[in-house]
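Taken straight from Swiss-Prot:
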REGION    1-20  region 'Disordered'
DOMAIN    26-203  domain 'DHFR'
BINDING   30, 52, 139, 160  substrate binding site
BINDING   32, 38-44, 76-78, 97-100, 140-147  NADP(+) binding site
REGION    206-530  region 'Thymidylate synthase'
BINDING   267, 413, 431, 432, 433, 434, 435, 443, 473, 474, 475  dUMP binding site
ACT_SITE  412  active site
């Protein structure tokens with residue numbers, strides 16, 4: 001994909017900046033729009049959002065090279081809607097599109113007039129602009145967006161999503177989500193009683209026509225070749241946007257532990273680098289935080305969570321489905337090593353699912369029917385969310401000191417609290433011990449999925465997932481593979497679709513969950529320490 005001074009020819013990338021007439025600059029769109037794609041009323045913005053204006057100025061003005069500036073491309077009506085004292089917009093090359101030969105401007109400084117979008121992009125691909133202009137941003141209005149939004153030259157769309165209902169008379173075309181995927185979405189903001197958020201969408205495929213030619217089904221298994229992104233490099237994004245991808249929360253924590261972590265011993269004898277007291281916050285409203293810098297075992301995430309929800313403590317249930325993540329802690333050798341010599345192989349004891357569904361019940365073995373025994377915390381969580389959403393005691397705990405000695409492994413992710421506001425469900429989970437290489441990518445996805453499932457059965461929208469970690473550690477034998485992972489650039493997170501017909505937490509099966517747009521880097525092997 002073209003980068004900072006990129007040009008395209010006949011819809012294809014070209015690394016050259018030679019001023020050939022058939023070459024055009026690529027560009028990014030910056031726009032604020034309502035949920036029905038309204039962008040204006042009576043020739044003006046129908047909202048007053050100072051933070052949005054600040055964002056617009058920052059993204060269109062910032063450059064990575066001090067000697068360069070950005071270009072902003074707009075139609076004549078958009079130009080005229082800018083107050084006279086602010087025209088032209090400072091620090092940027094203002095490119096105004098008009099077919100009117102009599103169009104007059106107050107000053108020629110930093111202003112260029114072009115007759116069409118294509119002629120403007122050709123001009124910006126030619127000298128001197130090919131060398132002096134770093135990025136090109138298209139800023140409106142409606143007709144310009146209709147020409148520019150979903151065509152191959154558009155690399156990204158920086159959209160301020162207005163969630164409040166506001167009357168408009170000017171509209172932009174909808175974003176084509178078959179070719180654009182969300183890169184980053186801010187947490188919602190409220191300003192002047194208007195709720196909104198900032199979202200950047202990046203192009204991942206050449207065109208809707210080419211995607212349609214592949215017969216892409218959005219519910220296909222994510223391993224299908226038809227789900228792979230055509231665009232592999234997203235370095236065209238402004239740095240201020242690129243670094244907001246939420247995967248960097250994880251990557252920066254890993255990098256920090258490798259660089260600054262305390263050397264510690266551990267029960268496995270492997271040795272770790274460790275930091276204490278960390279937090280990551282993920283936005284579940286549009287994306288699903290399944291890491292992309294390595295392939296995460298999605299089927300394993302789903303099946304393990306369903307296993308927890310069922311209350312099962314039998315590792316063989318997962319083994320029969322090809323899920324072997326608990327094999328090490330369920331083996332005969334391991335159970336004997338922790339003093340559970342009378343425990344049947346595969347019986348993990350009163351671990352997560354048992355505590356979620358039968359807290360306080362007396363544990364015998366994995367075969368016993370515990371129906372009606374103990375306290376069903378998960379059902380209690382769902383009932384409180386439905387009946388008393390402002391309750392501050394919506395808690396799910398896997399930590400039961402009485403049962404710890406009976407568990408093959410005490411719970412690492414041990415405590416979750418749920419919170420309802422604005423029709424959204426958020427979850428904060430505390431994890432006492434966090435294996436950053438193998439465990440945390442799984443844990444992030446698992447509790448994000450649990451939050452989405454509970455929101456779904458309670459007719460709420462997923463909100464935030466806040467991951468609080470006590471001992472965040474990297475095993476010594478994971479340092480090298482994690483350093484390999486740190487060299488991978490994140491890709492857009494996928495989105496999650498849940499079967500709308502399922503409304504009972506106990507009714508879900510793995511086929512009820514579909515990922516759309518998961519195209520990670522390759523799997524990176526790391527050895528489990530037990």
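Count begins at 1; order follows the chain as displayed.
Just so you know, glycine gets a Cβ as well, placed from its N, Cα and C.
Computed from a predicted structure; not experimentally measured.
Structure with Swiss-Prot features highlighted.
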| residue | record | DSSP (3 states) |
| --- | --- | --- |
| 32 | NADP(+) binding site | strand |
| 40 | NADP(+) binding site | strand |
| 98 | NADP(+) binding site | coil |
| 139 | substrate binding site | strand |
| 412 | active site | coil |
| 433 | dUMP binding site | strand |
| 473 | dUMP binding site | strand |
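Fewest Cβ neighbours within 10 Å among the binding-site residues 77, 146, 267, 473: that distinction goes to 267. When secondary structure is read from DSSP and collapsed to three states, residue 77 (NADP(+) binding site) falls in the helix class. Across the residues annotated as binding substrate (30, 52, 139, 160), the two Cα atoms farthest apart lie 13 Å from each other. Mapped onto three states, the DSSP output places residue 146 (NADP(+) binding site) in helix. With the fewest other C-beta atoms within 10 Å around its C-beta, 43 stands out among the binding-site residues 40, 43, 140.
Taking the recorded positions 30, 139, 412 in turn and counting surrounding C-beta atoms within 10 angstroms, the largest count is reached at 139. Checking Cα-Cα distances from residue 160 (substrate binding site) against the binding-site residues (32, 140, 146, 431) with a 10 Å cut-off leaves 32, in sequence order. Among the binding-site residues 98, 160, the residue whose Cβ has the fewest other Cβ atoms within 10 Å is 98.
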